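Notes follow once the structure below has been shown.
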Amino acid sequence: MTDAHPGPLPRTDRPTWPEGLPGIAFGADHNPEQWDESVWLEDVRLMREAGVTMVSVGIFSWALLEPRPGEIDLGWLDRVVDLLHAHGIAVDLATPTAAPPAWLYAAHPEAWVVDRAGVRLGPGSRGIMCPSSPAYAEAATRITRALAERYAAHPAVRMWHVHNEYGAPVHECHCATSQVAFRDWLRERHGDLDTLNAAWGTAFWGQRHGTWEEVRTPAAAASVVNPAQQLDFARFCDDELRACFVRERDLLHAAGDAVGRPLPVTTNFMATSCAHVDYWAWAREVDVVANDHYLTGERRDAHVLLAMDADLTRSLARGRPWILMEHSTSAVNWQPRNIAKRPGEMARGSLSHLGRGADGILFFQWRASRSGAEKFHSAMLPHGGTATRGWREVVALGRAVGRLAEVAGSRTVARVALLWDWESCWAQDLEWRPSTDLSHRERTEAFYSALWAAGVTVDFAHPGDDLAAYDLVVAPQLYLVTAASAASLDAYVRGGGTLLVSFFSGVVDEHDAVHPEGLSGPLGTTLGLQVEEFHPLRADESVALASGLRGDVWSEHVVVGEDTEVLDTFADGPVAGLPALTRRRLGGGQAWYVATRVDGPALATLVDRVCEAAGVERLDLPAGLEVVTRTSEAGAAYVVALNHADTPAALPAHVTGLDLLTGARVEPGAHLDAGAAAVVRLD
Ligand code: GLA
């Protein structure tokens, strides 16, 4: 767990890419069970027209594959898989365990998920049943085994897709089975009750547990529930979900081994959008990382958030090629206002994922559904059919992806890392923090966006990782840090790295207890300072810094050590005259600290300054121009350039070569049209 973070290495003893799938994979979730068989042939014909090479099949079809308990009917799936194979389309075959059939709910009411408020979540939608339920496990095993045995040797099937988006829509359960499972998990983690009581600080508010039977999941209570208990419960829930994945994965591996055909097994992540699972741990369990991403249509900087999501996904994959398992051709149906994509926007999004390491570009879903909850969700084949702009853009994108085969396998390399730790987020997001304006997500997006605008490619890393490969590491808000991670960050700085830490970092340990060193914890030792007291600002308040920059949300009383330079101070506000920006040179490196929330141009200035100090190259890009580079083992460099602005943009001078999308040469000083994309193999 936290103290022994072994690094997010994907498994290496299995194939790490769908079998026999060269170039960039292109396709979608394919749900033919929603349609009359007469449509299936037209589907594969149109898939060919669109350049589709792989589809995910069967994700929500448990009730059709096993209409009654134990009665497995794979006839229709045989016909689907055979048809796809006959047309040269690879199958990413799913286990359907994210949509338990109505009969399973009816037979096992004890397996219904119980939420925090005690509400039982029944059938009629989708989602996992209680992740700790033996009945769910038995049924999931039966259908997974049936699929594995039937299709392990089928030549159409090139990869396995377990479940769907673990952690959504269900991530926790408070039923009777979960109470027992949680206690077992706690015994394993803490050993005895005294240790548990100490770790949870139960002396506070008289919460001491005298017997194991008194220990319960942190369900709704009169006031704030013990934060350490909540944090352990978050870990438990994540472990239980992951155990469900591992159980199915192992069945699929075993079936492949039995026929001498090991296929990679994956499950689709939601890198920046699922707060409930620790993908660093999940990434070690999948053979290939796959991710789903949907634009937040309301945000005008949605393309920057897309890039952040893709960069996190690549980091989970440890730089190896990954699969964009789902995104949308246009609008989704589940946001408050579902903004349709404008002409060219789909392609820019898809190519941004590709530029950031995706070797597979797939959508949800192939054909728009006429019925059900998602009928207003866009699809590769829209309700309007082939005589639509949407379809024409899909076909054009399929052709474009087909021209990028040589890019497959190349890597996107970053010299800067942002720290990202789900455990720290779980802890910070608990109740009663010093200010409701504190947001690790806001700070992460802000630092990422400033680096994006400067054309700096960013990896994400766990604070316990070996960071030596990075010139600059930024901790946007690392509330929880273990002693081990703090030691690793200290070693990074002493070894020559530049570390920038933003406020409200290093505060607590793995039990959400304030570190013995005080409010800046062991990070303060590296930074050469102590945070003596927090001074959060009022909602309408901001503070001036001596440099002329302004901060808001936060200020604090920082006391620096002898060898720490004060680079900026608070000019007014609750801590006027005290340090706001500091730097300590330590060993071969330097550790920077910023004690307030700077944003916009002030943050750009700070990021520029620290990049300069770390020797990180920035690009002087016109607003809205995205530039990211992939490099092949043979040394070829591919620049993916995307103009998200409404006016033409001049490409950086170094971008000269062949645009693989158009076949045209890109000469020095070339412009990219408004909304356009280029993938340039550099000279
Ligand atoms: C998720 C799910 C899909 C579908 C899409 C809609 O990613 O995995 O089944 O519901 O959202 O955007």
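Here the Cβ of each residue, glycine as well, is placed from N, Cα and C on the backbone.
Annotations in TrEMBL come from automatic prediction, not curation.
Here TrEMBL flags 1-21 as region 'Disordered'. Feature annotation from TrEMBL assigns Zn(2+) binding site to C130, C173, C175. Marked as active site, proton donor by TrEMBL: E165. According to TrEMBL, the active site, nucleophile annotation covers E326. Residues or ranges marked as domain 'Beta-galactosidase C-terminal' in TrEMBL: 624-681.
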Inset, instruction - Of C130, E165, C175, E326, the recorded positions listed, which put a C-beta under 6 Å from ligand 1? Please answer none if none do. - result: E165, E326
Inset, instruction - Determine, to the nearest whole angstrom, how far the Cα atom of E326 (active site, nucleophile) is from the Cα atom of C173 (Zn(2+) binding site). - result: 27
Legend entry - Residues of the domain 'Beta-galactosidase C-terminal' (624-681) by DSSP state, where helix covers H, G and I: 0 helix, 28 strand, 30 coil
Legend entry - Fewest Cβ neighbours within 10 Å, where candidates are the binding-site residues C173, C175: C175
Legend entry - Close in space, distant in sequence - E165 (active site, proton donor), Cβ under 8 Å, 6 or more apart: A98, T267, N268, F269, M270, C274, D292
Inset, instruction - Sort out the sequence-distant neighbours of C130 (Zn(2+) binding site) for me: same chain, 6+ apart, CB within less than 8 Å of its CB, listed by position. - result: A111, W112, V113, V114, Y136, C173, C175, T177, S178
Inset, instruction - Work out the three-state DSSP category of E326 (active site, nucleophile). - result: strand
Inset, instruction - May I have the list of same-chain residues other than C130, C173, C175 whose Cβ is within 8 Å of the Cβ centroid of the recorded Zn(2+) site, in sequence order? - result: A111, W112, V113, V114, M129, P131, S132, S133, H174, A176, T177, S178
Inset, instruction - Look up C173 (Zn(2+) binding site) in the DSSP assignment and reduce it to helix, strand or coil. - result: coil
Legend entry - Around the Cβ of E326 (active site, nucleophile), the count of other Cβ atoms that are within 10 Å: 22
Inset, instruction - Looking only at the domain 'Beta-galactosidase C-terminal' (624-681), report the model's average pLDDT. - result: 97
